[in-house]
Amino acid sequence: MGIGALSGVNQSSKSIYIDYKGKIHKVIFSRNSSNEELQYLVKTALKTNKCAQIILKDSDENCIQLSPSIPINPISNPYKVEFLDLSSQNGIENKNNDDTKTPQEFLAQVVKEFSKAIKFEDSKKELMDRITNLENRIDGSRMESLKAIEVEKCRKEVKDLREMFQKASLPKQEDRTKKQIMENIPNYQKYQLSQETIQYLKTPTFNIWHWEANEMLTLIEHMYHELGLVREFNINPTTLKRWLLCIQANYRNNPFHNFRHCFCVAQMMYGMIHLCNLQSCMTKIEIATLITAAICHDLDHPGYNNAYQINARTELAIRYNDISPLENHHCAVAFQILSNPACNIFFNASDETFKEIRGNMVKLILATDMAKHKEILAELEEYVASFDFKNKDHMNALKMILIKCCDISNEVRPMEISEPWLDCLLEEYFNQSDREKEEGLPVAPFMDREKVTKPGAQVGFIKFVLIPMFEAVAKIFPIVQETMVTTLYQSYNRYSQLIEAEKKDKK
């Protein structure tokens, strides 16, 4: 979406995008609309039965309440629409052929089937308390559309309960059997990579937009094999697949901070490992730490930055005392995943090795907090004149800068690859600033749709953040100057020219 279109949005109205029968519909409505009015507007836009009950779902199949407070979504990520019949939810058979079954009766049937499937006694009271709570929630919903949403949410909670009890009932495995995970083998279509793709993957010009989710998983899996990490740490190939699927599942479908961004950062790290021949000056543990931290660095990012977390006093800000709440959360999620033996790619490493990997991964992920940028860059600049690859402090500073470079490296890529990322980033920024305005929170000028242009957003960032950082790395690895810094100057000049053109147009 262009800057002009974004800046012209009426602040008293909102718009959402809905995918219905393969066609994207834009619904514009007043922020003061009632739920009933919004239901009518959507039905009218979709030209559907006015008596139907509508609920919306996001791309993760989460139910979204159709109300004026519904989150704004981009055209690239439209809501899906469903028309629900409360008498036949989720394929559960109506044995009495009763088309007027109430939500309470439906839940009773779910509990009955659930009780058949899972044998438990000690936890029965806890489950029944939860089900009672779910029934109360449905009693409190007066509109049929809201009941439908509540039933969907209740079903999801019952499903989660079932999975929880199944997991709790599994017998504890012996250490010797944990290493041989033979059941529930994850499966995604693995692609045969051509030699051309394998070589292209090692370059900073790699086009990350050409690959679907399964292909990105295959490419990351290839990185671990090609770098010798699978052999070095005796990684079970099935565990590697399961870990990658779990990583993918824990990236949200944000405009920018999503799994493709994870892949983008990991690929740039992989490219820099080869471009700078880091394997000649770093241990396998250091290489594993760099690539794994790059993959995990934005896990479960909510799409709202640290400033929002702190100003809104969110759970994350409270939990981490306003200190890098997002980065601390990304670390925590990464090691929650690795705490499961079935997903721990470093399960066969020694305790000492795992401790070193964990400590370094935490340092690297925390370094991606831009609030620490000047401090981290200043430390490396102090060392570059006499950089020593055997000096631990020098190497720690270098590794922190490397992950920072990869995290914000989009402008290093060719324009046709980098520019779509800028659109995605601004979309996420504008979503946040809209919410901040609604909630009466401070709004950063660089995130305000009424003040930002694409060239204006990039010129200062490239000049004062990217170029100094990549030039510092180039003093250690000169090849970075010609392959990356040169591209940054080209991007800077292009955006500067666009700014001058905008000024002339205003005259």
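Including glycine, each Cβ sits where the backbone N, Cα and C put it.
What TrEMBL records for HIS257 is active site, proton donor. Under the DSSP three-state reduction, HIS257 (active site, proton donor) is assigned to coil, being neither helix nor strand.
Other C-beta atoms found within 10 angstroms of the C-beta of ARG260 (AMP binding site) number 17, with every protein chain shown included. Marked as AMP binding site by TrEMBL: HIS257, ASN258, PHE259, ARG260, HIS261, ASP298, ASP407, GLN458.
Residues or ranges marked as Zn(2+) 1 binding site in TrEMBL: HIS261, HIS297, ASP298, ASP407. Take the CB of HIS261 (AMP binding site) and look out to 10 A: across all protein chains shown you find 22 other CB atoms.
Feature annotation from TrEMBL assigns Zn(2+) 2 binding site to ASP298. Taken residue by residue with DSSP, ASP298 (AMP binding site) is part of neither helix nor strand, so it is coil.
According to TrEMBL, the coiled coil annotation covers 117-144.
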Nonlocal neighbours by CB distance (under 8 Å) for PHE259 (AMP binding site), same chain, sequence gap 6 or more: ALA213, MET216, ILE247, GLN248, TYR251
Listed in sequence order, residues not in HIS261, HIS297, ASP298, ASP407 with Cβ within 8 Å of the centre of the Zn(2+) 1 site Cβ atoms: HIS257, CYS262, VAL265, ALA294, HIS301, THR368
Fewest-neighbour residue among recorded positions, criterion Cβ within 10 Å, set HIS257, HIS297: HIS257
ASP298, ASP407 as binding-site residues, winner by CB count within 10 A: ASP298
Local Cβ density at ASN258 (AMP binding site) - other Cβ atoms counted within 10 Å: 20
